[in-house]
Amino acid sequence: MAACTSQHALVSVKSRPASASFSRDKRAGNARFVSAAGCCPSSRKLGLVCASNSQSSVIEPAQLPSSPESGSTPKKSSEAALILIRHGESLWNEKNLFTGCVDVPLTPKGVNEAIEAGKRICNIPVDVIYTSSLIRAQMTAMLAMMQHRRKKVPIIVHKESERAHRWSQVYSEETKKQSIPVITAWQLNERMYGELQGLNKQETADLFGKDQVHEWRRSYDIPPPNGESLEMCAERAVSYFKDQIIPQLVAGKHVMIAAHGNSLRSIIMHLDKLTSQEVISLELSTGIPMLYIFKEGKFIRRGSPAGPSEAGVYAYTKSLAKYRQKLDGMEQ
(Lines of atoms letter the chains of each structure in order from A and count residues from 1; the text may use other names and numbers.)
(Lines give C-alpha, C1' and ligand atoms only; values in the text may rest on other atoms or scores of the structure.)
Protein backbone atom coordinates (compact mmCIF):
# COMPACT_ATOMS: atom_id res chain seq x y z
CA MET A 1 0.00 0.00 0.00
CA ALA A 2 2.95 2.32 0.57
CA ALA A 3 3.46 2.56 -3.16
CA CYS A 4 0.04 4.15 -3.51
CA THR A 5 0.92 7.62 -2.27
CA SER A 6 -1.17 10.76 -2.60
CA GLN A 7 0.61 11.40 -5.88
CA HIS A 8 -0.98 8.31 -7.37
CA ALA A 9 -4.57 7.54 -8.20
CA LEU A 10 -6.17 4.63 -6.41
CA VAL A 11 -8.11 1.82 -7.99
CA SER A 12 -9.75 -1.20 -6.45
CA VAL A 13 -10.26 -4.49 -8.21
CA LYS A 14 -12.98 -6.52 -6.58
CA SER A 15 -12.10 -10.03 -7.55
CA ARG A 16 -9.72 -12.13 -9.55
CA PRO A 17 -9.35 -15.85 -10.11
CA ALA A 18 -6.16 -17.75 -9.45
CA SER A 19 -5.31 -17.55 -13.17
CA ALA A 20 -5.49 -13.78 -13.23
CA SER A 21 -2.30 -11.78 -13.25
CA PHE A 22 -1.06 -8.25 -12.89
CA SER A 23 1.00 -6.87 -15.75
CA ARG A 24 2.99 -3.65 -15.63
CA ASP A 25 3.23 -1.15 -18.44
CA LYS A 26 6.89 -0.13 -18.22
CA ARG A 27 6.38 2.95 -20.39
CA ALA A 28 3.89 4.57 -18.02
CA GLY A 29 4.82 2.77 -14.82
CA ASN A 30 1.21 1.76 -14.25
CA ALA A 31 -0.14 -1.54 -13.02
CA ARG A 32 -3.24 -2.86 -14.71
CA PHE A 33 -5.48 -5.84 -13.99
CA VAL A 34 -5.74 -8.61 -16.56
CA SER A 35 -8.02 -11.57 -16.05
CA ALA A 36 -7.70 -14.61 -18.25
CA ALA A 37 -11.11 -15.79 -17.21
CA GLY A 38 -12.90 -12.47 -17.48
CA CYS A 39 -14.89 -11.09 -14.59
CA CYS A 40 -16.98 -12.73 -11.87
CA PRO A 41 -14.94 -15.75 -10.78
CA SER A 42 -16.43 -18.06 -8.22
CA SER A 43 -13.58 -17.54 -5.75
CA ARG A 44 -13.03 -13.86 -5.06
CA LYS A 45 -9.95 -12.01 -3.90
CA LEU A 46 -9.36 -8.33 -3.46
CA GLY A 47 -6.53 -6.35 -4.94
CA LEU A 48 -5.53 -2.73 -5.44
CA VAL A 49 -3.65 -1.26 -8.37
CA CYS A 50 -2.26 2.23 -8.93
CA ALA A 51 -3.00 4.45 -11.92
CA SER A 52 -0.59 7.22 -12.83
CA ASN A 53 -2.48 10.39 -11.88
CA SER A 54 -5.78 12.22 -12.12
CA GLN A 55 -5.08 13.35 -15.68
CA SER A 56 -4.42 9.90 -17.10
CA SER A 57 -6.83 7.94 -19.25
CA VAL A 58 -8.33 4.71 -17.97
CA ILE A 59 -6.20 2.74 -20.41
CA GLU A 60 -3.84 3.77 -23.13
CA PRO A 61 -5.04 4.05 -26.75
CA ALA A 62 -2.92 1.04 -27.72
CA GLN A 63 -4.95 -1.11 -25.32
CA LEU A 64 -8.31 0.05 -26.66
CA PRO A 65 -10.51 -1.66 -29.21
CA SER A 66 -10.24 -0.13 -32.65
CA SER A 67 -12.50 2.83 -33.40
CA PRO A 68 -13.49 4.36 -36.75
CA GLU A 69 -12.03 7.69 -37.67
CA SER A 70 -14.28 10.73 -37.45
CA GLY A 71 -16.77 10.77 -40.28
CA SER A 72 -16.56 7.06 -41.08
CA THR A 73 -19.25 4.46 -40.55
CA PRO A 74 -18.70 2.41 -37.37
CA LYS A 75 -17.70 -1.17 -38.16
CA LYS A 76 -18.71 -4.20 -36.19
CA SER A 77 -15.88 -5.04 -33.80
CA SER A 78 -15.04 -8.06 -31.69
CA GLU A 79 -14.48 -5.69 -28.77
CA ALA A 80 -16.34 -2.65 -27.51
CA ALA A 81 -15.73 -0.22 -24.67
CA LEU A 82 -18.33 0.39 -21.96
CA ILE A 83 -17.70 3.42 -19.75
CA LEU A 84 -19.75 3.96 -16.59
CA ILE A 85 -19.71 7.35 -14.85
CA ARG A 86 -21.66 8.42 -11.82
CA HIS A 87 -22.65 12.07 -12.16
CA GLY A 88 -20.54 14.77 -10.52
CA GLU A 89 -21.48 16.18 -7.14
CA SER A 90 -24.97 17.70 -7.14
CA LEU A 91 -26.30 20.56 -5.04
CA TRP A 92 -28.11 18.08 -2.81
CA ASN A 93 -25.06 15.80 -2.53
CA GLU A 94 -23.31 18.85 -1.13
CA LYS A 95 -26.12 19.43 1.37
CA ASN A 96 -26.29 15.71 2.23
CA LEU A 97 -29.95 15.45 1.26
CA PHE A 98 -31.74 12.41 -0.12
CA THR A 99 -32.00 13.34 -3.81
CA GLY A 100 -33.46 10.33 -5.60
CA CYS A 101 -35.41 11.44 -8.66
CA VAL A 102 -35.52 15.15 -7.76
CA ASP A 103 -33.91 16.97 -10.67
CA VAL A 104 -31.10 19.11 -9.24
CA PRO A 105 -27.98 20.35 -11.08
CA LEU A 106 -24.27 19.98 -10.37
CA THR A 107 -22.24 22.08 -7.97
CA PRO A 108 -19.09 23.84 -9.27
CA LYS A 109 -17.18 20.90 -7.79
CA GLY A 110 -19.45 18.53 -9.71
CA VAL A 111 -18.77 20.42 -12.93
CA ASN A 112 -15.03 20.05 -12.34
CA GLU A 113 -15.46 16.34 -11.56
CA ALA A 114 -17.24 15.85 -14.89
CA ILE A 115 -14.50 17.71 -16.75
CA GLU A 116 -11.78 15.67 -15.05
CA ALA A 117 -13.67 12.47 -15.87
CA GLY A 118 -13.70 13.55 -19.50
CA LYS A 119 -9.94 14.04 -19.46
CA ARG A 120 -9.43 10.52 -18.13
CA ILE A 121 -11.48 8.95 -20.92
CA CYS A 122 -10.46 11.33 -23.71
CA ASN A 123 -8.70 8.57 -25.69
CA ILE A 124 -11.44 5.96 -25.32
CA PRO A 125 -13.72 5.79 -28.38
CA VAL A 126 -17.37 6.67 -27.78
CA ASP A 127 -20.09 6.10 -30.39
CA VAL A 128 -23.24 6.57 -28.31
CA ILE A 129 -24.05 7.98 -24.87
CA TYR A 130 -26.84 6.92 -22.53
CA THR A 131 -27.91 9.05 -19.58
CA SER A 132 -30.80 9.19 -17.18
CA SER A 133 -33.53 11.77 -17.66
CA LEU A 134 -32.05 13.86 -14.81
CA ILE A 135 -30.00 16.99 -15.48
CA ARG A 136 -27.06 16.10 -13.24
CA ALA A 137 -26.31 12.98 -15.30
CA GLN A 138 -26.83 14.82 -18.58
CA MET A 139 -24.54 17.66 -17.52
CA THR A 140 -21.87 15.14 -16.57
CA ALA A 141 -22.07 13.40 -19.95
CA MET A 142 -21.93 16.67 -21.90
CA LEU A 143 -19.04 18.15 -19.92
CA ALA A 144 -17.06 14.91 -20.09
CA MET A 145 -17.44 14.60 -23.85
CA MET A 146 -16.28 18.18 -24.38
CA GLN A 147 -12.84 16.93 -23.29
CA HIS A 148 -12.73 14.10 -25.84
CA ARG A 149 -9.96 14.20 -28.41
CA ARG A 150 -12.36 13.58 -31.32
CA LYS A 151 -14.23 16.79 -30.49
CA LYS A 152 -17.57 15.39 -31.59
CA VAL A 153 -20.67 17.24 -30.39
CA PRO A 154 -23.01 15.33 -28.04
CA ILE A 155 -26.63 15.86 -29.14
CA ILE A 156 -29.63 14.72 -27.11
CA VAL A 157 -32.02 12.55 -29.11
CA HIS A 158 -35.59 13.71 -28.41
CA LYS A 159 -38.17 10.96 -28.74
CA GLU A 160 -40.65 12.02 -26.08
CA SER A 161 -43.11 12.96 -28.83
CA GLU A 162 -43.35 12.77 -32.61
CA ARG A 163 -43.06 16.55 -32.83
CA ALA A 164 -40.03 16.70 -30.53
CA HIS A 165 -38.32 14.07 -32.66
CA ARG A 166 -39.16 15.87 -35.90
CA TRP A 167 -38.16 19.31 -34.68
CA SER A 168 -34.77 18.13 -33.41
CA GLN A 169 -33.69 16.43 -36.65
CA VAL A 170 -30.24 17.17 -38.11
CA TYR A 171 -30.32 17.31 -41.92
CA SER A 172 -26.61 17.68 -42.66
CA GLU A 173 -24.89 14.33 -43.12
CA GLU A 174 -21.52 15.94 -42.44
CA THR A 175 -22.81 17.41 -39.16
CA LYS A 176 -24.19 14.01 -38.18
CA LYS A 177 -20.74 12.51 -38.66
CA GLN A 178 -19.32 15.04 -36.21
CA SER A 179 -21.98 14.31 -33.58
CA ILE A 180 -22.58 11.68 -30.89
CA PRO A 181 -26.18 10.74 -30.05
CA VAL A 182 -27.17 11.10 -26.40
CA ILE A 183 -30.11 8.88 -25.46
CA THR A 184 -31.94 9.69 -22.24
CA ALA A 185 -33.88 7.04 -20.34
CA TRP A 186 -35.83 7.30 -17.10
CA GLN A 187 -34.94 3.66 -16.45
CA LEU A 188 -31.39 4.85 -15.66
CA ASN A 189 -32.65 7.36 -13.08
CA GLU A 190 -31.53 7.24 -9.48
CA ARG A 191 -33.41 5.07 -7.03
CA MET A 192 -36.62 6.88 -6.08
CA TYR A 193 -36.43 7.52 -2.34
CA GLY A 194 -40.10 8.35 -1.87
CA GLU A 195 -40.84 10.30 1.31
CA LEU A 196 -37.13 10.60 2.11
CA GLN A 197 -36.45 12.89 -0.86
CA GLY A 198 -35.36 16.36 0.23
CA LEU A 199 -34.68 15.31 3.83
CA ASN A 200 -31.26 15.25 5.47
CA LYS A 201 -30.02 12.42 7.67
CA GLN A 202 -31.03 14.07 10.93
CA GLU A 203 -34.55 14.79 9.68
CA THR A 204 -35.02 11.21 8.54
CA ALA A 205 -33.73 9.90 11.87
CA ASP A 206 -36.11 12.18 13.76
CA LEU A 207 -39.09 11.15 11.62
CA PHE A 208 -38.52 7.43 11.21
CA GLY A 209 -35.76 6.42 13.63
CA LYS A 210 -32.09 5.87 12.88
CA ASP A 211 -32.31 2.07 12.65
CA GLN A 212 -35.24 2.19 10.24
CA VAL A 213 -33.48 4.67 7.94
CA HIS A 214 -30.34 2.53 8.00
CA GLU A 215 -32.41 -0.50 6.99
CA TRP A 216 -33.94 1.38 4.05
CA ARG A 217 -30.56 2.60 2.87
CA ARG A 218 -28.61 -0.62 3.29
CA SER A 219 -31.11 -3.37 2.54
CA TYR A 220 -31.57 -4.75 -0.95
CA ASP A 221 -35.31 -5.39 -1.01
CA ILE A 222 -36.90 -3.02 1.55
CA PRO A 223 -38.17 0.28 0.08
CA PRO A 224 -38.69 3.54 1.99
CA PRO A 225 -42.28 4.87 2.20
CA ASN A 226 -43.67 5.29 -1.35
CA GLY A 227 -40.20 4.72 -2.78
CA GLU A 228 -38.05 2.07 -4.43
CA SER A 229 -35.83 -0.58 -2.96
CA LEU A 230 -32.48 -1.21 -4.62
CA GLU A 231 -34.01 -4.39 -6.02
CA MET A 232 -36.77 -2.38 -7.74
CA CYS A 233 -34.21 0.07 -9.12
CA ALA A 234 -32.11 -2.82 -10.40
CA GLU A 235 -35.07 -4.42 -12.14
CA ARG A 236 -35.69 -1.40 -14.38
CA ALA A 237 -32.04 -0.40 -14.90
CA VAL A 238 -30.75 -3.88 -15.76
CA SER A 239 -33.74 -4.62 -17.97
CA TYR A 240 -33.04 -1.45 -19.97
CA PHE A 241 -29.33 -2.28 -20.12
CA LYS A 242 -30.06 -5.73 -21.53
CA ASP A 243 -32.69 -4.57 -24.02
CA GLN A 244 -31.14 -1.33 -25.30
CA ILE A 245 -27.42 -1.14 -24.49
CA ILE A 246 -26.09 -4.67 -24.90
CA PRO A 247 -27.27 -4.80 -28.56
CA GLN A 248 -25.16 -1.68 -29.21
CA LEU A 249 -22.10 -3.37 -27.70
CA VAL A 250 -22.74 -6.55 -29.69
CA ALA A 251 -22.77 -4.38 -32.82
CA GLY A 252 -19.32 -3.07 -31.90
CA LYS A 253 -20.46 0.37 -30.69
CA HIS A 254 -18.50 1.97 -27.87
CA VAL A 255 -20.92 3.12 -25.16
CA MET A 256 -20.77 5.58 -22.29
CA ILE A 257 -23.40 5.58 -19.53
CA ALA A 258 -23.68 8.62 -17.26
CA ALA A 259 -26.10 7.82 -14.48
CA HIS A 260 -26.43 7.50 -10.70
CA GLY A 261 -25.11 5.61 -7.72
CA ASN A 262 -27.92 3.07 -7.46
CA SER A 263 -28.71 2.58 -11.14
CA LEU A 264 -25.00 2.02 -11.83
CA ARG A 265 -24.63 -0.25 -8.80
CA SER A 266 -27.43 -2.31 -10.30
CA ILE A 267 -25.69 -2.57 -13.67
CA ILE A 268 -22.35 -3.44 -12.02
CA MET A 269 -24.14 -6.09 -9.98
CA HIS A 270 -25.28 -7.62 -13.26
CA LEU A 271 -21.88 -7.30 -14.99
CA ASP A 272 -19.81 -8.65 -12.09
CA LYS A 273 -22.44 -11.10 -10.86
CA LEU A 274 -22.45 -9.68 -7.36
CA THR A 275 -24.80 -11.02 -4.74
CA SER A 276 -27.44 -8.83 -3.10
CA GLN A 277 -25.21 -8.64 -0.01
CA GLU A 278 -22.16 -7.59 -2.02
CA VAL A 279 -23.96 -4.85 -3.93
CA ILE A 280 -25.18 -3.30 -0.68
CA SER A 281 -21.53 -2.58 0.24
CA LEU A 282 -20.67 -1.20 -3.20
CA GLU A 283 -19.88 2.53 -3.16
CA LEU A 284 -19.32 4.64 -6.27
CA SER A 285 -17.56 7.99 -6.09
CA THR A 286 -18.99 10.92 -8.02
CA GLY A 287 -17.34 11.72 -11.33
CA ILE A 288 -15.06 8.67 -11.46
CA PRO A 289 -15.21 6.67 -14.73
CA MET A 290 -15.14 2.90 -14.74
CA LEU A 291 -14.24 0.92 -17.85
CA TYR A 292 -15.34 -2.49 -19.10
CA ILE A 293 -14.37 -4.20 -22.34
CA PHE A 294 -17.13 -6.24 -23.97
CA LYS A 295 -15.53 -9.16 -25.80
CA GLU A 296 -17.03 -12.41 -27.04
CA GLY A 297 -20.17 -11.86 -25.01
CA LYS A 298 -18.31 -11.22 -21.74
CA PHE A 299 -17.55 -8.08 -19.76
CA ILE A 300 -13.97 -7.58 -18.57
CA ARG A 301 -13.46 -4.83 -16.01
CA ARG A 302 -10.38 -2.71 -16.64
CA GLY A 303 -10.53 -0.42 -13.60
CA SER A 304 -11.22 3.15 -12.58
CA PRO A 305 -8.71 5.94 -11.99
CA ALA A 306 -9.23 8.41 -9.16
CA GLY A 307 -7.78 11.81 -8.51
CA PRO A 308 -5.12 12.34 -5.82
CA SER A 309 -7.47 14.44 -3.66
CA GLU A 310 -10.09 11.71 -3.32
CA ALA A 311 -9.76 8.06 -2.44
CA GLY A 312 -12.24 7.09 -5.12
CA VAL A 313 -12.11 3.46 -4.05
CA TYR A 314 -14.91 1.13 -5.05
CA ALA A 315 -15.88 -0.66 -1.84
CA TYR A 316 -17.02 -4.21 -2.52
CA THR A 317 -16.73 -5.40 1.08
CA LYS A 318 -17.06 -3.84 4.51
CA SER A 319 -13.32 -4.14 5.07
CA LEU A 320 -12.56 -2.27 1.86
CA ALA A 321 -15.21 0.30 2.74
CA LYS A 322 -13.40 0.93 6.03
CA TYR A 323 -10.14 1.23 4.12
CA ARG A 324 -11.75 3.84 1.88
CA GLN A 325 -13.00 5.78 4.91
CA LYS A 326 -9.51 5.68 6.41
CA LEU A 327 -8.10 7.13 3.21
CA ASP A 328 -10.75 9.85 3.22
CA GLY A 329 -9.66 10.76 6.74
CA MET A 330 -6.02 10.91 5.69
CA GLU A 331 -6.85 13.36 2.92
CA GLN A 332 -8.51 15.84 5.29
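For all residues, glycine too, the Cβ spot is worked out from N, Cα and C.
What TrEMBL records for 1-29 is region 'Disordered'. The substrate binding site annotation in TrEMBL covers 86-93, 99-100, Arg136, 190-193, Lys201, 217-218, 261-262. Annotation comment: TrEMBL describes His87 as active site, tele-phosphohistidine intermediate. Marked as active site, proton donor/acceptor by TrEMBL: Glu190. Marked as site 'Transition state stabilizer' by TrEMBL: His260.
Most buried of the binding-site residues Arg86, Lys201, judged by other Cβ atoms within 10 Å, is Arg86.
Among the recorded positions listed (Gly100, Glu190, Lys201, Gly261), Gly261 has its Cα nearest to the Cα of the residue listed as 'active site, tele-phosphohistidine intermediate'. The Cα of Glu190 (active site, proton donor/acceptor) lies closest to that of Gly261, out of the binding-site residues Arg86, Trp92, Lys201, Gly261. Among the recorded positions Glu89, Glu190, the residue whose Cβ has the fewest other Cβ atoms within 10 Å is Glu89.
Within 10 Å of the C-beta of His260 (site 'Transition state stabilizer') we count 27 further C-beta atoms, all protein chains included.
Taking each of the recorded positions His87, Arg191 in turn and counting other Cβ atoms within 10 Å of its Cβ gives the largest count for His87. In terms of local Cβ density within 10 Å, Gly100 ranks first among the binding-site residues Gly100, Gly261. The Cβ of Trp92 (substrate binding site) lies under 8 Å from the Cβ of Phe98, Thr99, Val102, Val104, Gly198, each of which sits 6+ residues away along the same chain.
Within 10 Å of His260 (site 'Transition state stabilizer'), as judged by C-alpha distances, the binding-site residues found are Arg86, Gly100, Arg191; the full candidate list was Arg86, Gly100, Arg191, Lys201.
The DSSP secondary structure for His260 (site 'Transition state stabilizer') is coil.
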